[in-house]
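Asks: What follows is a single structure, and I will ask about it in a moment.
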Amino acid sequence: VLIIAVLFLTACQLIATASYARSERKHPDLRLSSRNSKLSKRCLGSGELCVRDTSCCSMSCTNNICF
């Protein structure tokens, strides 16, 4: 019984891995666009409107303006 359970779980993992790889091949543009959006984010320059310190290049957001 234990051997059958191990074989069943192994088969489930292989099926899940194969379907994940297939979906990545079907939609490579989605993967690239999400990767590019992460790379294209920039910090805000001095004088630009901000919400928090981490969005400013200087890490200083006072009264919603980067310094």
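Heads up, the Cβ atoms here are built off N, Cα and C, so glycines get one too.
Quick paste of what Swiss-Prot says about this protein:
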type	residues	note
SIGNAL	1-17	signal peptide
DISULFID	C43-C57	disulfide bond
DISULFID	C50-C61	disulfide bond
DISULFID	C56-C66	disulfide bond
Asks: Would you count the other C-beta atoms found within 10 angstroms of the C-beta of C56 (disulfide bond) for me?
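Replies: Its Cβ has 20 other Cβ atoms within 10 Å.
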Asks: How far is it from C56 (disulfide bond) to C50 (disulfide bond), counting Cα to Cα, in Å?
Replies: 7
Asks: Between C57 (disulfide bond) and C66 (disulfide bond), how far is it from one CA atom to the other, in Å?
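Replies: Spelling it out, the Cα of C57 (disulfide bond) and the Cα of C66 (disulfide bond) are 8 Å apart.
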Asks: Name the residues of the same chain, 6+ apart in sequence, whose Cβ is under 8 Å from the Cβ of C66 (disulfide bond)?
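Replies: The answer is L44, G45, S46, G47, E48, L49, C50, S55, C56, C57, S58, S60.
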